[in-house]
Amino acid sequence: MSSSEPKGDLGLIGLAVMGQNLILNAADHGFTVVAYNRTVSKVDHFLANEAKGKSIIGAHSLEDLVSKLKRPRKVMLLIKAGAPVDTTINHLVPLLDKGDIIIDGGNSHFPDTNRRYEELKAKGIYFVGSGVSGGEEGARYGPSLMPGGAEEAWPYIKNIFQSIAAKSDGEPCCDWVGPAGAGHYVKMVHNGIEYGDMQVICEAYDIMKRIGGFTDKEISEVFAKWNKGVLDSFLVEITRDILKVNDTDGTPLVEKILDTAGQKGTGKWTAINALDLGMPVTLIGEAVFSRCLSALKEERIRASTKLLGPEIPKDAVKDKQAFIDDLEQALYASKIISYAQGFMLIRQAGKDYGWKLNNPAIALMWRGGCIIRSIFLGEITKAYRADPDLENLLFDKFFTDALNKAQPGWRRSIGLATSYGVPTPAFSTALAFYDGYRSKRLPANLLQAQRDYFGAHTFRVLPEAANDHYKEGEDIHFDWTGHGGHVSATTYDA
Ligand SMILES: *[C@@H]1O[C@H](CO)[C@@H](O)[C@H](O)[C@H]1NC(C)=O
Ligand SMILES: *[C@@H]1O[C@H](CO)[C@@H](O)[C@H](O)[C@H]1NC(C)=O
């Protein structure tokens with residue numbers, strides 16, 4: 001190691017758990033990694049312990065880091081999102097040359113990544129924003145990586161990224177997502193979907209517990225069985241395991257946990273973006289709102305003594321097997337809707353932001369390594385491989401058939417929960433979306449009439465209803481009260 005030729009394949013800034021594990025992962029795959037942290041003692045400690053004997057070099061300054069990297073230099077940041085990323089980039093850029101690559105592997109919000117991509121492009125630096133999912137374990141043994149930004153960088157980082165990423169049937173769960181902030185965008189939607197997946201699992205648990213009268217051990221056994229079928233996934237698997245854990249007094253630990261959910265904001269970002277783009281991503285929205293409602297614990301306690309609901313009899317469920325089978329279909333169908341909505345959002349983002357997105361690769365990247373990994377994503381990958389521009393996931397035969405088969409049980413589960421007063425916000429919103437999506441006619445005709453009545457907002461007529469005075473495609477205002485004017489509203493907003 002005494003040669004002055006730089007040896008580093010990748011520089012990594014930020015030695016928190018994710019950073020350390022990603023470095024060890026890359027070193028295991030034969031890459032030489034240069035590790036840096038602003039707190040230099042962290043670098044020395046890491047080098048003397050976890051990194052000892054591996055192809056990992058320490059750096060004591062950004063200059064030192066840069067000097068140890070092969071060209072074009074590839075520097076990855078795994079630090080706290082927000083201002084620290086800008087600060088570090090600002091210190092780094094004067095040390096780099098045109099054509100060098102900066103990768104942000106943190107949880108940055110995609111508009112920040114868009115901005116940094118543009119700023120760095122102007123300086124000749126290739127900027128990549130990459131979603132990284134899978135937690136500590138994933139970072140160490142194979143995360144899901146979702147890189148986007150300057151595509152010129154991809155040939156230089158492809159080998160490292162695909163080597164360290166999780167594999168699904170031998171294929172790396174990492175491919176190029178698209179331009180600018182697309183990588184972080186897709187990671188944001190991944191997190192939103194994760195919110196939804198968790199919520200639907202919680203609803204199934206709540207129904208089994210409160211209506212079925214199941215013990216946590218019995219519920220764990222149901223999840224264990226589901227995990228061998230269409231719902232096979234990381235989140236179902238950990239739910240099975242969580243429900244088995246007893247506290248020292250021999251009762252389930254999960255029942256001692258305060259029922260107010262926290263959130264870091266990525267689910268909220270997805271829901272806000274869905275509203276911005278006008279996409280009905282209702283399940284993720286409900287999942288975020290459900291966490292908000294859970295946080296109102298004190299109010300809920302007061303309401304529980306005032307607001308009435310039905311009693312749940314001990315024998316509410318007569319046929320346990322049928323009850324569980326219906327519930328499995330409810331969970332499965334709701335999950336299909338949630339993913340279809342997520343891909344509707346991604347498709348719209350592609351249009352609105354002018355991004356060419358790699359849909360089959362997105363599904364494959366979520367197939368392994370990350371929190372939402374599941375068997376099911378294999379089917380989504382197949383659907384988008386068969387038709388990369390698929391209008392809607394629900395039009396793929398596999399999913400059309402799955403929903404058509406699931407819908408009777410899905411309806412029965414929601415009906416049962418509703419009649420016994422157990423909330424199913426995600427199951428219900430998914431079904432409402434399903435029924436709305438498959439409705440040729442929705443009551444928005446009346447809504448348009450209301451808007452025209454109070455605000456002269458105009459309406460159009462159905463093609464088959466067009467006639468001499470109501471022409472197709474024409475904005476019409478009708479004098480509903482008989483004493484209004486015929487002037488339609490352009491500025492007036494009631
Ligand atoms: C240094 O490491 C800490 C964790 O130990 C991490 O939170 C921080 O982001 C790192 N900062 C830089 C600039 O390397
Ligand atoms: C937890 O306790 C229940 C009884 O409350 C028991 O049936 C179960 O086996 C225990 N689980 C474990 C993992 O020890």
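Backbone N, Cα and C atoms are what each Cβ position is placed from, and that goes for glycine too.
Sequence annotations record features per position, and here TrEMBL assigns NADP(+) binding site to Gly14, Leu15, Ala16, Val17, Met18, Gly19, Asn37, Arg38, Thr39, Ile79, Lys80, Ala81, Asn107. Lys80 (NADP(+) binding site) carries neither a helix nor a strand DSSP state and counts as coil. When other Cβ atoms within 10 Å of the Cβ of Lys80 (NADP(+) binding site) are tallied across all protein chains shown, the result is 14.
Per TrEMBL, the feature substrate binding site maps to Asn107, Ser133, Gly134, Gly135, His190, Asn191, Tyr195, Lys264, Arg291, Arg451, His457. Cβ contacts within 10 Å of His457 (substrate binding site), excluding its own Cβ and spanning all protein chains shown: 19.
Taken from TrEMBL, the feature domain '6-phosphogluconate dehydrogenase C-terminal' covers 183-481. Restricting the average to the domain '6-phosphogluconate dehydrogenase C-terminal' (183-481) gives a pLDDT of 96.
Long-range Cβ proximity for Lys187 (active site, proton acceptor), meaning a same-chain Cβ under 8 A and a gap of 6 or more residues, is found for Asn107, Ser130, Gly131, Val132, Ser133, Met146, Thr266. According to TrEMBL, the feature active site, proton acceptor maps to Lys187.
The active site, proton donor feature in TrEMBL is assigned to Glu194. In this structure, Glu194 (active site, proton donor) is part of a helix by DSSP. The local packing around Glu194 (active site, proton donor), expressed as other Cβ atoms within 10 Å of its Cβ over all shown chains, amounts to 22.
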Might you list, by sequence position, any residue in that chain lying six or more from His190 (substrate binding site) with a Cβ less than 8 Å away from its Cβ?
Gly131, Ser133, Ser144, Met146, Trp366, Cys370, Ile371, Ile372
Glu194 (active site, proton donor) to Lys80 (NADP(+) binding site) - Cα separation in whole Å
21
Whole-number Å value for how far Met18 (NADP(+) binding site) lies from Gly134 (substrate binding site) (Cα to Cα)
10
From Gly14, Ala16, Met18, Asn37, Lys80, Glu194, which recorded positions have a C-beta atom under 6 Å away from some atom of ligand 1?
Gly14, Ala16, Asn37, Lys80
Fewest neighbouring Cβ atoms within 10 Å among the binding-site residues Ala16, Met18 goes to Ala16
Check: min Cα-Cα distance from Lys80 (NADP(+) binding site) over binding-site residues Tyr195, Arg291, His457 goes to Tyr195
Whole number in angstrom, please: the longest C-alpha to C-alpha distance across Gly14, Leu15, Ala16, Val17, Met18, Gly19, Asn37, Arg38, Thr39, Ile79, Lys80, Ala81, Asn107 for NADP(+).
21
